[in-house]
Amino acid sequence: MALNKFMHPRNIYRTPPDFGKLAKLYPEFNNISKMDVTGKVSIDFKDPNALKVLTKCLLKNDFDLDVDIPEDRLVPTLPLRLNYILWIEDLLNAIEKINNIWGLDIGTGACAVYPLLAARKNKWHMIGTETDDISFQKAEENVKRNHLQDLIEVRKNLTSSVIEQLFEDEFKQVFDFSMCNPPFYSSVQELCESRSPARLPPKNGFTGSPQELITEGGELQFCRKYLKESKIYKDKVLIYTTMVGHKYNLKELLQDLKLEGITHTYTEFCQGRVTRWGLAWTYQDFDIFQLVPPRDQPRKKHAPIVYLLPQIPNIPYNVDNVINKLIIILNTLNIYHKVLNKRGNNIILDVTATTNTWSNQRRKRRLMKKLETNDCKKTKIDHTEYTTSSTEDSNSNETLNETNHFEKSIHATLKDEDNDLKPHTSSNDKETVPVIEPIVHAILKVLKKENDILMEMEYLDGSAGKEGLHQIVQYIKNNWK
Ligand SMILES: C[S@@+](CC[C@H](N)C(=O)[O-])C[C@H]1O[C@@H](n2cnc3c(N)ncnc32)[C@H](O)[C@@H]1O
């Protein structure tokens, strides 16, 4: 189980569960665990069945909940689920809502994990909604199995709306809060590509079915629909909340709320390698931002390197041309990039270098010249370096030809981005980067400020450190012609 010190202070899983004790108490846990020579008990986190047994045993052991998790459904990881509930407790305490709490869980899933935890732990009344037949049926069974029907009701959502169907039905209940763990992805392809190659592979195995994880337009569209519907039913829920799986979507949603002047706050749910975010908004008078301010960023942020991109002779100075030129340089350096977001005249890319292709360019050019003059073209040369050097030497006419070619590529990428603002793997041949440690992983932003176009590069991680990023920026400066 992924654990770390950034979990909510009241999260019981800040202290790792005692696997030895679980193995003694639960035969099914004993079957999936193994003990090493030192007596340490461990499980295979990559095995979905082991995850399922672990979650089942922890629900029983720590919350006295007997939950049947169906074969092909999401196994809810408890540290994250608890982080979310504890943050809602903080929000409710902040607005002094202590007793007779009513909560709405949108997309409760087969385990109805949030209603079960909330009802058992806090005696909250919960309504869970679900669109999927099997998950709906299983959720009802799980509620009955735990004799919590007095506190929990599961409702089938036969529509594609998020909350509208509930309130359209003349449903009188006013909720203190709503919560939602939306399907994160817009397609199977996005699900597969979602993890940046720069990050370590997840420790846990993969669980969940397409209907649980995929929704048209991904989580951003889902959350925007939720926000839009919430505006119609402002007083039906005191505090609306949702979980957000991708940081770039959180930024978009924060911007939406800000633009519309809706009071909001957010938090980070940390559990080991996986980080999710919580977003809350309200149409009531409480200043939830002041009452429950965002948690301090636990990770160190690096000041970005800012470079004013000069105009290139004979090329109109606009953001599209600047981006095209940058993409050419990144491709030349074999630096993988993907568009995270595009809004107006600003664009944000996630960039990852897995080999140092920018150092010793002069030496490589000299070597190339020597090889050519000695007619040694058949000599074995590193192909990447060869391509890099020759492209780098391009004069501006060649660059323009390449610009046309890459313009098509970036426009194709941006067109898709405009549709659903989901992260997109660029359509060039750098798509298939193996999952290996990056030497530089950074965020590249192109921003138009009045008449200037700026490039900002922020170091995230990588073995070459910030120095590696400085070298890349220097390479861009040298080749900005
Ligand atoms: C990522 S799963 C979350 C399940 C559970 N809440 C959890 O955290 O483990 C999303 C769930 O939302 C359901 N869902 C998708 N769209 C929905 C909608 N419009 N109304 C209600 N449920 C929906 C899916 O069927 C799926 O069970």
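Cβ coordinates come from backbone N, Cα and C, glycine included.
Keep in mind the model is a prediction, meaning the values are calculated, not measured.
Pulled from TrEMBL:
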BINDING   Arg81, Gly107, Glu130, Asn181  S-adenosyl-L-methionine binding site
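Sequence-distant contacts of Arg81 (S-adenosyl-L-methionine binding site), defined as residues of its own chain at least six apart whose C-beta falls under 8 angstroms from its C-beta, comprise Val113, Tyr114, Leu117. Look at Arg81 (S-adenosyl-L-methionine binding site): DSSP puts it in a helix.
Long-range Cβ proximity for Gly107 (S-adenosyl-L-methionine binding site), meaning a same-chain Cβ under 8 A and a gap of 6 or more residues, is found for Thr129, Glu130, Thr131, Cys180, Asn181, Pro182, Pro183. DSSP assigns Asn181 (S-adenosyl-L-methionine binding site) to coil, not to a helix or a strand.
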